Amino acid sequence: MGYSVIVDSDKCIGCGECVDVCPVEVYELQNGKAVPVNEEECLGCESCIEVCPQNAIVE
């Protein structure tokens, strides 16, 4: 879809909120951090940005 997802691994605490809220399963927890594994599926809805308590996700 043309959206770029960046997770600041220094800020990410691995809470999984982005994993739970994403409607197209862009994220996966790996080694205790959120990783965008299906970035090409991103709809740009920004739900992940809104729920991240650490502001670790940038679109």
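Here the Cβ of each residue, glycine as well, is placed from N, Cα and C on the backbone.
Same-chain residues lying 6+ beyond the ends of the domain '4Fe-4S ferredoxin-type 1' (3-32) with a Cβ under 8 Å from its Cβ atoms: 38-39, 41-45, 47-48, 50-59. Residues or ranges marked as domain '4Fe-4S ferredoxin-type 1' by Swiss-Prot: 3-32.
Long-range neighbours of CYS18 ([4Fe-4S] cluster 1 binding site) (same chain, six or more residues apart, CB within less than 8 Å of its CB): VAL7, VAL26, TYR27, ALA34, CYS48, VAL51, CYS52, ILE57. What Swiss-Prot lists as [4Fe-4S] cluster 1 binding site is CYS12, CYS15, CYS18, CYS52.
Annotation comment: Swiss-Prot describes CYS22, CYS42, CYS45, CYS48 as [4Fe-4S] cluster 2 binding site, evidence class similarity to another entry.
According to Swiss-Prot, the feature domain '4Fe-4S ferredoxin-type 2' maps to 33-59, an assignment based on sequence analysis. The residues of the domain '4Fe-4S ferredoxin-type 2' (33-59), classed with DSSP into helix (H, G, I), strand (E, B) and coil, number 8 helix, 6 strand, 13 coil.
Local packing around the Cβ, expressed as the count of other Cβ atoms within 10 angstroms, is greatest for CYS48 among the binding-site residues CYS15, CYS42, CYS45, CYS48, CYS52.
Taking the Cβ of CYS12 ([4Fe-4S] cluster 1 binding site) as centre and 10 Å as the limit, one finds 18 other Cβ atoms among all the protein chains shown.
Each residue in the domain '4Fe-4S ferredoxin-type 1' (3-32) gets a DSSP state, and the totals come to 5 helix, 6 strand, 19 coil. Excluding the listed site residues CYS12, CYS15, CYS18, CYS52, the same chain places VAL7, ILE13, GLY14, GLY16, GLU17, ALA34, CYS48, VAL51, PRO53, GLN54, ALA56, ILE57 with Cβ atoms within 8 Å of the centre of the [4Fe-4S] cluster 1 site Cβ atoms.
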